[in-house]
Each structure stands twice: as C-alpha cells, then as structure tokens.
Amino acid sequence: MVSFLGGGLLGNPLSGALEEKEDKKEGDEEEDPEIAEAKREAEEKRNEKYRKMEEEREVMRQGIRDKYHIQKKELPKEDPGLEGRLGRKKKSPDEAVEGGDPLQSSAQSSGFPKNLDDLTAKVKELPGTVMTTVSGATDKCNLQ
C-alpha cells in the first residue's frame, strides 16, 4: 500500500516511456533519404514484376484464344455524358422510330386487351363463366 501511495507522490512511472515514444514519432517524419530511395526502388521493382507477370498471363490467354478460336470480349464504350446520369439513356433517332419502350411492347403482347373497356367487360363476364363451368362439372358428378 505504501508503494501505491508513493507512486502517486513521485509521479507517473510511465511518463518516461511516453516521452521516448513521442521522440520516436518525431524521428519517423524525417526519414533518411537513402531509406526513402530504397523504398521507392523496391516499389518500382514490385510494380515491374507484376507488370511482367500480367504480360505473360495475357500472352497465355491469347494463345488459348487462338487455339480454341475464341474472340476477345470487348466492352462497349459508353458515352461520357452518361457517366453521372441518374435516369435512363436517351433514345437514338432509330430507336425512337422503331417504336419506343421495349417494356411497353412486351406488356401489350402478353394477352391483355389494348383498351380498358374490353378488360372491364371480360372481368364482368368472368363470374358467369365460372358459374356455368362449375354447374357443368357438378352435373357430370354423381354423389352417392
């Protein structure tokens, strides 16, 4: 218990270690030019190594494409104006003449009537059609 109280009276025993650590941080900011040059050269070597490896892989890929007659996929180039755009892309004049939205054409060809009146008439006829079908089925069935 005396040592605990004495530590408080004498000061923080870790203060010396903290000062040394702060001194090391200041020394890291001013790096030796030789060390900086060595790091830069090592980074260049590493980048060159990976560049060579990628070139070798591309040669191998091209050999496989040639052997199996595979065409290299080319990504379509997009308009630079569309890069930050939130909405859909503008239609070209050819697309506008062809007939508009592909989603609308698929919805129209799905079997729904083109106008609302035909659809409502079919819905109104539906209960009668169901009743005739059910009554026809019950006539054919004999319950014993």
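Any Cβ shown, glycine's included, is placed from N, Cα and C.
Residues or ranges marked as coiled coil by Swiss-Prot: 29-67. Per-residue pLDDT, averaged across the coiled coil (29-67), gives 95.
The compositional bias 'Gly residues' annotation in Swiss-Prot covers 1-10.
Under the heading compositional bias 'Basic and acidic residues', Swiss-Prot lists 18-27 (among others).
Positions annotated as compositional bias 'Basic and acidic residues' by Swiss-Prot: 36-86 (among others).
What Swiss-Prot lists as compositional bias 'Polar residues' is 103-112.
All protein chains considered, the CB of Cys141 (S-farnesyl cysteine) has 6 other CB atoms within 10 Å. Residues or ranges marked as S-farnesyl cysteine in Swiss-Prot: Cys141.
If you look up Swiss-Prot, you'll see Cys141 marked as cysteine methyl ester, on the strength of sequence analysis.
Positions annotated as region 'Disordered' by Swiss-Prot: 1-119.
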